[in-house]
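Below is one structure, written out as structure tokens; comments come after it.
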Amino acid sequence: MVSSKPLETKRDESLDKDDDLQALFRQHFESRFKPLRGLPSSRLKCPEADEETPENQSESDWEGLSDEEYGKPVEVVEHKTSTCVKRAEVPRGELKTFMTTKPPSSLENALSTAKRKQPEQADSEEAATEAANLKKDLALQRLLKESHLLDSKSSSSLSGSNRHKALDLRLQDLGSKSSILMQEKMPLSHRKGIVAKAREREENRRREAKENGIILEKAVKGTAKKTPIRQRGIGGPSVGKFQGGMLKLSKKDVADIVGPRKKLKVKKGGRR
């Protein structure tokens, strides 16, 4: 049988030669340039060290740690995470108001809160479309409320009266308590004619609705104005009027004080 020992020795010798050549090239490179980082520094092996046998290594004793190894400082590596939190940026005006001794007014607080609530960058296109839609909504609401004025039977000469009625409706929507078409002072005959015409118009509307089977709201009858009861002041007389240092009593007040008179019954016939 052929032994494989000479083949293995030849391979080891070729590997040692390659390592020696690489070490020589490395030393030459480091002498010309800076040493390479991260790579282990390979040095040429001394022939004496290669020739040492395991018997010589076992015979050598360990002499302990040298003084240089004792003197080396211990390297401590600390891994810390950055826990710094960015402070929220506060506007300069708010800082000034915070540092002043004067209390902030309600208007400034409202303005500051409104600025915070508003977005920093509002889209101009969306704002324009919202404004246009709002105008269209208002126009549609007015058209629906004033559509009953656009009657085909009405002549063109009544355009002014329709305009006044539309203006009256808009004022009532804004919170007007009374109608601008209601006149306080006018001749009695004119007022009676206006009231009679309004009553006739309402009766015709209700009669037509009844014939067509339409249910209308319940008719509200006008109530007479109640005279308010005069409240007398504290400490004043409860009967009569006090004028010029005198208490004036009317016949009614006197009758209320005296009360009803008792009638005496007289028997018919005298004594015999």
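Glycine is treated like the rest: Cβ placed from N, Cα and C.
When TrEMBL is compared with the stretches 3-22, 223-242, the one noted as region 'Disordered' is 223-242. The range from 191-210, 251-270 that TrEMBL describes as region 'Disordered' is residues 191-210. Residues 216, 219 of the same chain sit 6 or more residues outside the region 'Disordered' (191-210) yet have a Cβ under 8 Å from a Cβ within it.
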